[in-house]
Amino acid sequence: MILLIDNYDSFTYNLAQYLSELNIKVLVKRNDKITLDEIKNLNIQGIIISPCPGGPEDSGISQGIIKYLGNQIPILGVCLGHQTIGHVFGGKIIKAPKLIHGKPSIIFHDGKGVFQNLKNPITATRYHSLIIEKESCPDELEITAWTEDGLIMGIQHKKYKQLQGIQFHPESILTESGKQILQNFINCLN
């Protein structure tokens with residue numbers, strides 16, 4: 001079972017639907033309706049932290065999940081979840097050069113983790129106004145995906161490889177290989 005943290009965003013249920021289509025049982029909990037102790041007592045194999053229109057300060061329990069469980073259980077941060085991973089490890093979250101909402105972009109990647117066995121580049125849909133600043137990307141994190149102009153679109157913890165983030169939306173119909181990205185995350189649960 002996957003715990004899907006809902007940061008009060010409608011895209012959460014698109015993620016839940018995609019996971020269900022991959023035959024994954026999903027438990028959705030709002031970011032202020034579950035505690036770390038409750039999470040530790042659940043029988044889950046992984047956690048996905050959903051998007052949100054705000055910044056990491058709006059992510060509720062998500063920061064604690066990354067800080068205290070990121071070395072124990074596979075975690076995938078999507079959009080805000082991705083930014084929150086960067087923030088927790090000391091990265092600066094800044095305004096993107098351009099506001100991007102519902103726009104497909106060319107994304108280059110390293111072919112590892114959630115990007116395993118995907119063509120390179122892929123087209124992915126972006127909905128965000130914030131990004132992890134490249135210059136302040138923490139040493140603990142490696143950049144796994146990027147745009148043509150060098151904006152960070154994917155990260156992975158160097159030591160805890162199961163802690164990954166993607167800035168774009170795999171659940172968007174315009175994202176190429178979105179289900180495969182989620183399947184690749186599921187594959188790392190075993």
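Quick reminder: no glycine exception, Cβ is built from N, Cα and C everywhere.
Swiss-Prot lists C79 with the feature active site, nucleophile. Secondary structure from DSSP puts C79 (active site, nucleophile) in coil. A simple way to gauge crowding: the CB of C79 (active site, nucleophile) has 25 other CB atoms within 10 angstroms, across all the protein chains here.
For H169 (among others), the entry in Swiss-Prot reads active site, with the evidence type sequence analysis. In the three-state DSSP assignment, the secondary structure recorded for H169 (active site) is strand.
The annotation active site is assigned in Swiss-Prot to E171 (among others). E171 (active site) counts 23 other C-beta atoms within 10 Å of its own C-beta, drawing on all protein chains shown.
As annotated by Swiss-Prot, L-glutamine binding site applies to C52, P53, G54, Q83, S129, L130. L130 (L-glutamine binding site) counts 21 other C-beta atoms within 10 Å of its own C-beta, drawing on all protein chains shown.
Averaged over the domain 'Glutamine amidotransferase type-1' (1-190), the predicted model reaches a pLDDT of 97. Per Swiss-Prot, domain 'Glutamine amidotransferase type-1' is recorded for 1-190, and the stated evidence type is sequence analysis.
Comparing C-alpha positions, S129 (L-glutamine binding site) sits nearest to C79 among the active-site residues C79, H169, E171. A C-beta separation below 8 Å, combined with a sequence spacing of at least six in one chain, links H169 (active site) to F11, P51, V78, C79, A124, T125, R126, Y127, T175, G178. Highest Cβ count within 10 Å among the binding-site residues Q83, S129: Q83.
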